[in-house]
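Quick notes on the structure that follows.
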Amino acid sequence: MAKCDEYIQETEFRAADSASREVLTGKNREEPNILERFIQPCLVELLGSTLFLSIGCLSVLVNPHGAGPLLPALAHGLSLAVVISVLGNISGGHFNPAVTLSVVCCGGLTPILLVPYWTCQLSGGMLGALLAKGLADEESFLNHSGAACMVDGGTSVGKAVGVEIVFSFFLIFAVVMGAVGERSRTPLASYSIGLTVITGILAGGSISGSCLNPARALGPAVVSGYWDYHWVYWVGPASAAILVSLIYR
């Protein structure tokens, strides 16, 4: 009996000690501070947008005439998949003002970060376009209008808007369902999003350029001064963002 009592006392002591450690661990675990909640995500959106859009713009500048959209499509899609994979856990990996708008409307991001995210993404677009200009030769920059998004000369503006809405919807839907939705979230979201961008550029690039991203449109427009039908690349993605939000809700 004595040995049995000693065993019971020792077991209770270990259980109490384990519970105490759990309580202390819970007390010592701190909530994310202002730096982690607000500043780091914005800086990540700035960095990721700059990297992604500089590679995308550069792929357009170095793409030979008549080579087709394959090179820009792969460069945009793969670079986006990479930056989402490595930076997505910090900011959500938007790198697109239209995506941020939809995620906020869907409840996946606090509205306080909407304008700071937009500011960082648009700034990243301009920095990326400027970086691409510095890496490419001047002749290529001029021949490709600074990688600006352009509506094809043989296409109506209405069709260009339609392409931007349809493929922006496809892209934003992949982001919301693959990375935000609790029941549909998948670890393959970054690759799904990258493949969606590749699909959009291959299918609609010859009509509107398949910009699908206001930051991608603004950066080259500012650097090159090419503003023809620039509004198309804001109306299309913004409309798609609202449609995705309504369907998700």
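Glycine too: its Cβ is placed from the backbone N, Cα and C atoms.
What you are looking at is a predicted structure, and each value in this text was computed from that prediction instead of being measured.
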Worksheet entry | Annotated stretch (transmembrane segment, per TrEMBL) among the listed ranges 12-33, 188-209 | 188-209
Worksheet item: Taking 73-91, 98-118, 229-248 as candidates, which has the most Cβ pairs under 8 Å with the transmembrane segment (188-209)?
Response: 73-91
